Structures are given as structure tokens and as C-alpha cells.
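Asks: Pasting a structure below so you can have a look.
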């Protein structure tokens with residue numbers, strides 16, 4: 001089996017931890033697997049480098065910022081490779097320019113275009129463990145780029161995907177400082193349970209809805225190529241969470257898989273808009289032109305040719321979006337525009353939900369019984385989200401975790417089957 | 001004019017100093033020159049990285065050591081480029097893999113094979129200031145290499161040489177923490193004079209004889225391509241020292257240019273060797289096979305078919321060289337082998353020396369008058385070196401500086417002619 005192991009910043013945070021990472025890689029190799037390691041910068045290093053840049057100038061050139069911060073991962077690759085070699089195994093560190101992880105030229109937030117895995121596969125065939133710098137790439141002109149925060153997860157999945165031309169039976173293990181994906185944030189719900197398994201779609205909704213275990217981009221990429229992701233702690237030997245394709249069993253057995261929450265929400269409501277698609281499109285186009293992402297949108301049914309529209313944006317985008325909305329209202333003679341920064345989102349997530357009636361009504365009833373007023377609702381096949389008062393968010397997570405009896409969920413474990 | 005400016009570790013030692021470096025580069029550009037900057041790692045950074053490696057393992061893999069320490073220069077290139085850009089000028093940082101500074105694969109002590117200056121020249125034509133990582137290269141397979149301590153000087157000269165296909169009128173400026181080349185070490189001779197100008201050959205002898213201003217390798221390279229080197233402080237505006245081709249004036253006017261000293265010497269003497277070249281070659285082959293460099297060799301005239309041979313090596317090589325010599329003596333039935341760690345070397349250097357009689361006798365007389373016993377002598381066209389007691393070295397430097405009236409030397413200055 002080919003195992004791509006990604007180690008985050010805390011996992012390679014100091015010399016002792018790097019030695020442990022090397023031991024874990026060597027054990028995986030010794031067990032008969034091929035291993036590719038993808039490493040982040042040592043915890044704190046990226047911030048140290050960014051601070052150097054901002055001490056120099058308030059507006060650092062983005063190309064040079066990427067040249068600067070990409071050194072963090074390079075240091076980690078060299079140290080991890082050294083540590084593996086000192087244990088008597090063969091390893092080589094590889095930078096972006098050495099295995100050609102080609103990205104576009106959007107410095108500080110580049111997207112991977114292609115990876116030529118030929119060299120990587122040749123190294124694996126020689127029994128060598130490649131240790132690859134996560135988070136970075138190189139554009140067509142050879143400039144150094146970075147993928148944005150958390151980009152090392154994406155590197156690991158992209159490396160795994162690129163090796164599918166040469167190998168089957170590939171898994172991507174993400175080592176981090178939490179030991180898996182939980183039914184809710186354990187800081188809010190102390191008896192939240194660790195999930196043994198979750199589908200890509202559910203994980204994607206959890207990630208987008210504020211769970212910080214994995215970058216949504218890396219989950220989407222894993223889903224696209226159907227690469228199993230296994231998230232686990234590098235500090236303990238406890239089992240983690242397997243993120244994989246939905247199984248029939250998943251759909252049939254479990255309805256609600258987890259509760260996610262996100263306080264980084266703000267709401268804008270426009271009252272009395274003409275119920276004319278061309279007018280409404282004009283509003284959303286103006287907001288999109290300002291590079292603002294809209295999360296939820298609701299529209300009430302039309303009364304006398306007029307309708308109300310509510311939508312949410314992230315808190316930092318609120319001010320700009322509110323201005324655009326007010327300009328739009330003025331231009332179109334609307335009755336009123338309301339803005340509210342004190343909102344948050346709570347979401348119930350589960351792949352089986354779509355075929356089970358009554359989840360939504362159980363959700364609303366539970367919230368109402370606890371005195372939590374729902375301001376907006378949005379539903380998808382595997383998620384129901386409600387906008388509520390920001391100060392109600394923790395309480396709502398607890399109430400819903402209790403309502404759907406998630407601490408009692410009997411967790412499936414297919415990990416052992418996949419691992420062996 | 002094209003000016004390649006090399007900034008050492010202390011010159012880019014902190015954010016304020018990096019801002020000053022950027023100002024100096026921009027001023028040079030604004031004065032109508034094309035500028036290429038070559039930068040070292042921030043002072044202390046290379047040692048910090050090496051310490052990390054040795055905390056991990058007592059015997060770090062050399063390929064990975066180069067990957068690790070080369071990040072130091074990468075950080076400097078990004079920060080210097082950012083600083084230049086923030087002053088409103090165009091700059092790009094360039095790493096080894098981006099301009100293809102191709103070296104052999106001797107990790108930690110690689111030698112430059114070729115540089116393709118096409119891209120560099122194109123950037124200069126666009127008015128862009130390239131900021132290049134010194135000290136490092138890339139081998140034919142794309143592995144990162146480093147050139148050894150002080151290698152940034154060599155990078156700067158090699159870059160200047162590579163641009164000779166496209167430009168003429170090139171000078172290489174070496175910014176460092178001393179303000180030029182002196183007639184003797186100012187720590188020993190307080191009234192030592194800064195030299196305005198010195199020939200490559202003289203500088204080479206000074207560097208090899210222990211003056212630490214420039215790496216001998218970079219001086220040799222500059223001599224080969226006839227690129228003027230200008231050494232000056234990045235902390236003051238005072239004039240530095242121009243290292244250039246010898247001029248007729250240099251040969252005619254000045255005899256002794258400087259006094260160099262080196263305490264890192266040890267002496268071995270073999271008494272009563274058969275005066276047979278084949279036997280003597282055997283000794284030096286055994287020492288060369290142990291990778292030990294011999295500095296001076298003297299041989300007395302033969303008496304009854306026997307001769308005495310003395311040679312010097314660096315102090316760290318003494319133990320090994322002494323063992324080899326004793327084995328050789330035993331095998332060949334020699335009378336005696338003597339070793340002495342308490343020696344040092346003092347040298348008088350000057351390109352005009354060869355045509356001036358009496359320099360050697362003035363040197364020996366001055367030393368004798370001060371009670372300094374000369375143990376070995378070696379002469380070349382531009383240098384006379386004496387091995388003396390280590391504890392006599394400082395005194396000898398002072399005595400010779402005084403004897404040849406170096407603090408009174410009227411210094412030539414051709415700098416202004418060359419600069420404009």
C-alpha cells in the first residue's frame with residue numbers, strides 16, 4: 001500500500017517531535033508500505049517570517065512573501081529527511097522546483113494545476129522515502145508560490161492523486177494536533193464523540209461550517225479522486241477518523257453525523273424588493289464584484305409583487321456588503337435595509353438526512369423549546385443550517401447534540417478493513 | 001556600468017540594515033548603473049540552522065544539510081527584494097534553481113560549473129534589479145548544493161563573469177564589516193594603512209596567508225576573468241580597496257604592499273632522509289592521500305647522500321601528518337622526526353618585490369635584530385614567508401610593518417578613474 005503522510009506544524013514543532021515523526025514514517029515503511037511524507041513549517045515559523053516582512057514594509061510584495069515563507073517548509077523537509085536517514089533508511093527532501101508541483105501565479109493563494117509524479121514514483125521504486133515541502137508550488141515561469149494557510153493538506157492529497165497513474169491502494173494520512181473529527185466541537189460539547197468514519201460530503205459541510213480539522217479544499221480534492229483521508233493525532237496512538245466515499249451502510253444506519261457551528265456570520269435583510277429576477281441579480285452581482293462571498297440566501301414568498309431577501313456574509317465582509325445593499329436600496333426605492341452583526345450559524349449534518357423525514361422539524365422544535373429563535377434557514381441534501389443569535393450558538397450546539405443523541409451514536413469502524 | 005554588489009551576513013543582519021542595503025542598491029541604480037545584488041544569510045542564521053541539524057543527529061546527511069542551510073540566503077533575497085520594491089524600484093529575488101547556478105555535487109563544498117546569464121541579462125534590460133542568493137547552487141540533477149563558508153563572494157564574482165558575454169564595464173563590489181584591505185591586521189598594527197588598490201596576485205597571497213577579508217577562491221576567479229573587485233564597508237561611506245590587475249605603476253612604485261600572518265601552522269621536520277626523489281615523493285604522497293594540504297616545504301642541501309626536510313601543515317592536520325611521518329621514518333630507518341605545534345607564519349607581500357634586491361635580507365635582518373629566530377623560509381615572486389615561533393608572530397608583523405614603512409606608504413588611487 002502507498003501511504004501519503006502529512007505532518008502539520010505542531011507535529012514537527014521541535015527536534016524531539018521531528019524525531020518522533022521520523023520514527024512513525026520508518027515504522028510505516030518497515031510494515032511493508034511505500035511512504036511519501038508531506039511536511040509543514042515548524043509551528044510558529046511561518047508567523048515569524050511574516051512578521052519579518054511586515055517589520056520591513058506594511059505592504060510586502062506578494063511574490064517575495066512567498067519566497068520568504070516557503071523557506072519554513074524547506075527547513076522541515078531537510079530535518080525530517082535527516083532524521084529518517086539517521087535511523088538507517090533512505091530519504092530525500094524535495095522542494096516544489098524538484099518535483100514540479102505546478103500552480104497558477106496567484107501568489108499567497110495559488111492553486112495546483114499539475115504534478116508530474118514520474119520522479120516520485122521512481123524514488124519509491126528505489127525504496128526511498130520522499131519528504132515533500134507542503135503548502136507551496138512553482139508557477140510555469142519557475143516562480144515560487146504558496147497555496148494559502150492549511151495548504152499542506154491540499155499538497156498531500158494532490159500528491160496522492162498524482163500517484164494514481166502509477167499505483168492503486170493509496171491512502172492519505174493527515175497527522176495533526178487533534179485526534180479526529182468529532183460529532184461537535186469538544187470545547188462546546190464535552191461528551192462529543194469521535195467519529196470513526198465520515199463521508200467526504202459530510203466532512204466538506206463540517207469544514208465549511210466551521211470545523212477546523214481539515215481545509216475544505218483538500219477534502220474536495222480527495223472526494224474528486226476518491227482518495228481515503230485518515231485524520232489522526234501525531235501525539236497519541238489512538239484511532240482517528242476515516243474520511244471516505246459514502247457507503248450504503250452510512251446512508252441507511254446513521255442520520256445525523258455531527259453538529260457544526262460558525263460565529264463568523266453577519267446578516268443583511270432587504271425588505272420590499274420588486275420580485276423581479278433581473279433586479280435581484282443586480283444586487284448579488286454588485287456584491288460578487290466586490291469579491292464578497294455570500295453564504296446563505298433566503299427569499300420570502302412574494303406579496304403584491306414585493307419580496308424580502310436575507311443573506312449572510314462573513315463578519316469582515318459585512319461593512320462593505322451593507323454599503324452595497326444600501327446603495328442598491330436607495331437606487332431601487334426599497335422600504336428598508338437591515339444589518340445584523342450579532343448572528344451565528346448552527347448546522348446539522350448527515351448524509352442519510354435526505355431520506356429521513358422530520359429531521360428539520362426535530363431541529364426547529366428542539367431549538368424553540370430552548371428559547372432559541374431561528375432567523376434564517378437553509379437546507380441541502382446533507383445539511384440543515386439555521387442563523388440564530390450569536391450568543392445562542394453554544395447553547396444550540398449542545399441542544400442539538402443532545403436531541404440527536406450523538407454521544408450515544410454507535411460508531412462504525414471500517415478503518416481496520418481499509419488499513420490491512 | 002554593471003555593478004554586482006555582494007552583501008555579507010552582517011550587512012543584512014537585521015531589518016534596519018536590510019533597509020540600508022536596499023537604499024544603497026537603489027542609489028547605485030539611480031546613478032545610472034545596472035545593479036545585481038548577491039546576498040548572504042542574515043548573520044547568525046546559518047549557525048542557527050546548522051545547530052538544529054546537529055541537535056537532531058551527530059552526523060547529518062550532507063545533501064539535507066545543504067537543503068537546510070540554503071534557506072538562510074533565500075530569506076535574505078526575499079527581504080532585500082521587498083525592501084527595494086517598497087522604495088519604488090523593480091526587483092526580483094532569484095534562487096539557484098531559478099537562474100541555474102550549476103555546480104558539481106560535492107554537498108557543502110560544491111564548485112560552480114556554469115551559470116546561464118541569459119535570463120539575468122534580460123531582467124537587467126527590463127530595469128529590474130535581480131537579488132540573488134549567494135553561497136548556493138544546484139547540481140545537474142537539480143539537487144541544492146552550497147559552496148562552503150564565504151561562498152557568497154564566489155557567487156558574486158561568478159555572476160559578474162557570466163555577464164561578460166552580454167556586458168562590458170563590469171565591477172564587483174563586496175560589502176562587508178571591514179572597510180578594506182590593510183597593510184597589516186589593524187588589531188596587531190594600529191597604524192596599519194588601508195590600501196586603495198592591490199593586485200589580484202597580492203590579494204591572493206594575503207588571503208592564503210591569513211587575511212580574512214575575502215575568500216581566496218573568489219579572488220582567483222576575479223583574476224581569471226579580470227573583473228575588478230572593490231571591497232568596502234556597508235556601514236560607512238569611506239572608500240574601500242580596489243583589487244585589480246597589476247599595473248606598470250604598481251610594479252615600479254611600491255615594493256612591499258602588506259604584511260600577512262597566520263598562526264594556524266604546525267611544523268614537521270624529518271632528519272637524515274636519503275636524498276632520493278623517489279623516497280621523498282613517497283612521503284608526500286602518503287600525506288596527500290590523507291587529504292592533508294602541505295603549505296611550505298624546505299629541504300637542506302645534501303650531506304653524504306642524506307638531507308633534512310621540513311614542512312608545515314595546518315594545526316588541525318598536525319596529529320595525522322605527524323603519525324604518517326613517523327611511520328615513514330620507521331620504514332626508512334631515519335634518524336629522527338620532530339614536530340612543533342608552536343609555530344606561525346609571517347609573510348611580506350608585494351608585486352614589485354621580484355625586481356627589487358635586498359627585500360629578503362632586510363626582512364631577516366629586521367627579525368634578527370628583534371630577537372626573532374627564523375625557522376623556515378619560502379619565497380615566491382611576490383611573497384617571502386618565514387616560519388617563526390607562534391608567540392613571536394604579532395611582534396614580527398609590527399617589526400616588518402615598521403621596517404618597510406608601510407604606515408607612510410603613499411597610497412595610489414585609481415578607484416575614481418574606474419568608477420566613472
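Just so you know, glycine gets a Cβ as well, placed from its N, Cα and C.
Just lifted these from TrEMBL, have a look:
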- A:6, A:7, A:8, A:9, A:176, A:177, A:182, A:212, A:213: ATP binding site (BINDING)
- A:46, A:73: substrate binding site (BINDING)
- A:268-348: domain 'ACT' (DOMAIN)
Asks: Give, as a single whole number between 0 and 100, the mean pLDDT over the domain 'ACT' (A:268-348).
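Replies: Mean pLDDT across the domain 'ACT' (A:268-348) comes out at 89.
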Asks: Reduce the DSSP letter at residue A:73 (substrate binding site) to three states and note it down.
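Replies: Where residue A:73 (substrate binding site) sits, the three-state DSSP reduction gives helix.
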Asks: I'm trying to understand the geometry here, so how far is the Cα atom of residue A:176 (ATP binding site) from the Cα atom of residue A:46 (substrate binding site), in Å to the nearest whole number?
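Replies: Per the Cα atoms, residue A:176 (ATP binding site) and residue A:46 (substrate binding site) stand 17 Å apart.
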Asks: Helix, strand or coil for residue A:8 (ATP binding site)? Use DSSP.
Replies: coil
Asks: Across all chains shown, how many C-beta atoms besides its own are within 10 angstroms of the C-beta of residue A:213 (ATP binding site)?
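Replies: For residue A:213 (ATP binding site), the count of other Cβ atoms within 10 Å is 21.
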Asks: I'm trying to understand the geometry here, so how far is the Cα atom of residue A:46 (substrate binding site) from the Cα atom of residue A:6 (ATP binding site), in Å to the nearest whole number?
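Replies: Cα of residue A:46 (substrate binding site) to Cα of residue A:6 (ATP binding site) measures 17 Å after rounding.
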Asks: According to DSSP, folded down to helix, strand and coil, what is residue A:213 (ATP binding site)?
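Replies: DSSP assigns residue A:213 (ATP binding site) to coil.
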Asks: Could you round the CA separation between residue A:6 (ATP binding site) and residue A:73 (substrate binding site) to a whole angstrom and send it over?
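Replies: So the alpha carbons of residue A:6 (ATP binding site) and residue A:73 (substrate binding site) sit roughly 12 Å from each other.
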Asks: So how far apart do the ATP binders A:6, A:7, A:8, A:9, A:176, A:177, A:182, A:212, A:213 get, largest Cα to Cα in Å?
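Replies: Of all Cα pairs among the recorded ATP binders, the widest measures 21 Å.
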Asks: Across all chains shown, how many C-beta atoms besides its own are within 10 angstroms of the C-beta of residue A:6 (ATP binding site)?
Replies: 29
Asks: Between the Cα atoms of residue A:73 (substrate binding site) and residue A:8 (ATP binding site), what distance do you get, rounded to the nearest Å?
Replies: 10
Asks: Cβ-Cβ under 8 Å from residue A:8 (ATP binding site), same chain, 6 or more residues apart: which ones?
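Replies: Correct list: A:40, A:152, A:174, A:175, A:176, A:177, A:234.
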